[in-house]
Amino acid sequence: MATLVDIAVSAAINILSAFIFLLAFAILRIQPFNDRVYFPKWYLKGLRSSASHSGAFVRRVVNLDFRSYIRFLNWMPEALKMPEPELIDHAGLDSAVYLRIYLMGLKIFVPIAFLAWAVLVPVNYTNDTLKIAQLVSNVTASDIDKLSISNVPLKSQRFWTHIVMAYAFTFWTCRVLLKEYEKVASMRLQFLSAEGRRPDQFTVLVRNVPPDPDESVSELVEHFFLVNHPHHYLTHQNGHLFVLSLVYCVNIYCWGDLWEMVLDIKYTSYFLDKLSVATHPSVSSFGLNSKGLGKGLVMEEAKCGSHMVY
């Protein structure tokens, strides 16, 4: 049987481990190299951009601002105080649901703990079953065991208290879960409707389709959905063909970027050569400043060249 010291040691280890992991997370999230991991939505919205490649390498990897390490846990009270719609807009639906999970745990276990200590603990502790068993049968038991159901004698009427409380705990847990699931489902529908319709919201991924000697994979999938979901099925697409077309498009895009870069380098070198000739002191015409005229001609030609390339 576990003693009070064993429980205290186990609790201390768990609390210390949780604090260490929280500290590591809080420090890692403020490092520049983790920006896109912890703040991807900020980059998608344009609220934050990638660090410049110029400058010291250490500053692009490690946060050297000592003030950020002093207030690195300030985000926790701010996140808890933030209204739910604002939190969803700021960090996404997953973050709001994650906080609701913690609140749901408090809603479930705080009343259960209160009832257990107010009803079950006195019912269990006011018996002498374990004390008598230690004297008669040499049973090993600690003081913490007197709070458990093992201290209730066999066929005692006090077991009815445990039965009633078990049903009460189960009812309360199921009720809180049902209300929370309904709320989260409503939040998800509102979030999806606010984001606009996208094909991925109505797409199902089908994998490991068994081979059929009479039908192809495409025909087999279409037949299955037409039979089982005739009012919802629209079309399907072979994932292998999609991947091949995607690879083909990516290759074309990469080659296009390569040739665009090559042409850009060629045009740049060409304009620089003309600029060096046009700004030479020996070049003068129509009584104008030779350098100003040369630069103007080159800039106009650069605009034309840029328009042709892009």
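In case you wondered, yes, glycine gets a Cβ from its N, Cα and C as well.
Unlike curated entries, TrEMBL annotations are predicted automatically.
Database features, via TrEMBL:
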DOMAIN    7-180  domain 'CSC1/OSCA1-like N-terminal transmembrane'
TRANSMEM  6-28  transmembrane segment
TRANSMEM  101-120  transmembrane segment
TRANSMEM  159-178  transmembrane segment
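Long-range contacts of the transmembrane segment (159-178) within the same chain, counting only residues at least 6 positions beyond its ends with a Cβ under 8 Å from a Cβ of the stretch, are 104, 107-108, 111-112, 115-116, 119-120, 123, 149, 152. Counting same-chain residues at least six beyond the ends of the transmembrane segment (6-28), those with a Cβ under 8 angstroms from any Cβ of the stretch are 34, 69, 72-73, 144. Packing against the transmembrane segment (101-120) from elsewhere in the chain are residues 161-162, 165, 168-169, 172-173, 176-177, 180: each is 6 or more residues past its ends and has a CB under 8 Å from a CB in it.
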